[in-house]
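Reviewing the structure listed below.
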Amino acid sequence: MFLLLFPTFGVNLSAFSLNLNTDQSALLALKSHITHDPHNLLATNWSSSTYVCNWFGVTCGSKNQRVTALDLSSMDLTGTIPSQLENLSFLSELDIHHNNFRGVLPVGLTNLHRLKYLDFGNNSFTGEIPSWFGHFAELQGLWLYGNSFTGDIPSTLGNLSKLETLSLYNNNFNGQIPITMGNLSNLKWLYLYNSSLSGDLPSEIFYNLSELQELNLGGNHISGRIPNSLFKCKKLIFLSLDTNYLEGSMPIEIGNLTMLHTLDLASNHLEGHLVPGIFDNLSKLQKLRLRGNRICGRIPKSLFECKELKYLSLSQNSLEGNVPIEIGNLTKLEVLFFGHNNLKGQIPFSICNLRSLKVLFLFKNSLEGEIPECIWNMSSSLSHIDLEKNNFHGKIPDNFGKGCTLQSFRINHNLLEGSLPRSLGDCRDLKLLDVGNNYLYDNFPNWLGNLDQLQVLILRSNRFYGQVKSNNVTFTGLHIIDVSCNNFNGYLPTKFFENLHAIRGCEKKGEPKYMMDALTAAIVYYAFDLSFTSKGLKMDFQSLLTSWMVIDFSNNRFRGEIPKAVGELHSLIVLNFSHNCLTGPIPPSLGDLSELESLDLSSNNLQGEIPTELKALGFLEVLNLSRNNLKGPIPKGKQFDTFTNDSYIGNMGLCGLPLSKSCDKDEETPGKFDPDGDDGLNWKFSILMGYGCGLVLGLSMGYIVFTTGKPRWFIRIYERVRQRFAKR
């Protein structure tokens, strides 16, 4: 009996060895196509001397010991996919996401008939997605996101009848979503966002997608109306169509999606009123984004029955009326954006019920009255408050607690008065404070200097008075300070400037980042829409980089000289000391401000010459030294050749281009002249040429004057010639 079985066992063993060698050869071919393996995982582990099923990233079946799964994800590999990979005939999972694979995908991969999961996400594949991707009959998950695929999404993907996940986002496709997507009746997760798709949403797509749970088509160029067929997908939990060109009103049928947790229709062209009962059935809704549309009318009270809401954004619409008192029902709310609408009236006291609130943005409305005191009591939970550009009046209460968690506090452009509450000094995490354009009456808040996280301090256009002082080492992290248009006086604070370590460049420089806060519920860009006087103009910044460094002490009553320490602020981009009573010379040390783009010292009593060291400011785009008592020649060359008369007007003692007043010879810096040098012949020749040109020019001028009878021609030409030689 044993002798009868032995030949069969030998045949099986031989076949097993042959199949395993086939898998090994296919994987070694893949290894040979990898040109960069920074962690040496394959170089040291994938060897013919070791059992292939023990190789890194390789999984074999328990019965036949064939390779069934290959996971090389997130290994920073660079290479291409070889055709030999098609020989892994038992492969059901292939995952190489988050690498740098590129090149042409071999058509032989269609021989992998058992493939269920294919993840090529976050690589560098280009060209069109091959139509043969539609031949993987067993495929349940396909991830091709984060590549550079172009062209149309192949209609053959509609053949993948078992597909549950399709992730193609962050590519560069053209055209519409193919109608054949509607054939994927088992599809649960569809991600096509940020992929340059255009055209209308075909209504046919959604009729058969009854299993769909998550749909993200945001960040494309999709237009037209939202098709009603979408609302037949009643298992939807997540729906995002943001940042497209969708139009029309928000469909009331959206109430059919009773399972929704997230609804994002932000940044479209939706318009009209929100129907009163539109949110009645969305009791599970946790996140709603409708910002950046054209929605008008009142906020429907049905919205405040969505008691699971944690994130609510209706900003940048045309909503009107009062903030509904029912907002107090949303006790789980963490983020509230109602900014940039036409809301009016007072903030309802019911807002005090929102004990979980971290972000309160009501900016750019017509809200009025006093701010409910409970908002300040919520500073132990609130991270960001933005009530700017309303009509609030009264005082800011002095009840910020020791547990204050505020990171940004913006209340500028209101009608607030009184002093700045000292309890703000307990907000140890404060990074941005903007109380500009109010009626606050106080001295300089040097007590804020101990907040080592503070980066932006804006006190502009109030009634602050007295001297600017700082004690010990304070304000070290400050990037931006704007105290313009107040009643500050005294000398410019040398010690204050010496303490600005962040602007001095003492801090370790990293990659510039936007000022933002990554909360659990959202990423909040809290330094948006800030305005500064930069480069001679008021400039608004939609988002602010941490590398932006500004000092604006303009329109006060500072006196004395500009401290030399200002020249040590090497990261400074904007410096404005204009409209004060400053005297003395311009410090040559300002020439060390290598990053400076805008310098405004106008309307002071500065004396002396313009330092030639300022020519070193290679990024300087705007220079305003007008209305001072400066004298002498204007420096020539580099950025100084780009400035106009406006930079210097009101300085009667200045001369040289671009002014029409030329400098006397004793005011100009004479060049060295060596009559015995190698250029002796050249200077003699130049003199002869000068005599010759002078003779010709004189005769020509005489002819013009005597034949035209218009001496003003002579004046104009003379001025141009004189300026040209003065420029030399």
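First residue shown is number 1, and so on along the chain.
Each residue, glycine too, has its Cβ placed from N, Cα and C.
Listed in TrEMBL for this protein:
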- 1-15: signal peptide (SIGNAL)
- 20-60: domain 'Leucine-rich repeat-containing N-terminal plant-type' (DOMAIN)
- 181-289: domain 'Disease resistance R13L4/SHOC-2-like LRR' (DOMAIN)
- 685-706: transmembrane segment (TRANSMEM)
>> Checking distant contacts: for the domain 'Leucine-rich repeat-containing N-terminal plant-type' (20-60), what same-chain residues at least six beyond its ends satisfy Cβ-Cβ under 8 A?
In response: 66-72, 75-82, 84-88, 90, 93, 100
>> Is it possible to list how many residues within the domain 'Leucine-rich repeat-containing N-terminal plant-type' (20-60) are helical, extended or coil according to DSSP?
In response: 21 helix, 6 strand, 14 coil
> Which residue counts does DSSP give the domain 'Disease resistance R13L4/SHOC-2-like LRR' (181-289) for helix, strand and coil?
Replying inline: 17 helix, 31 strand, 61 coil
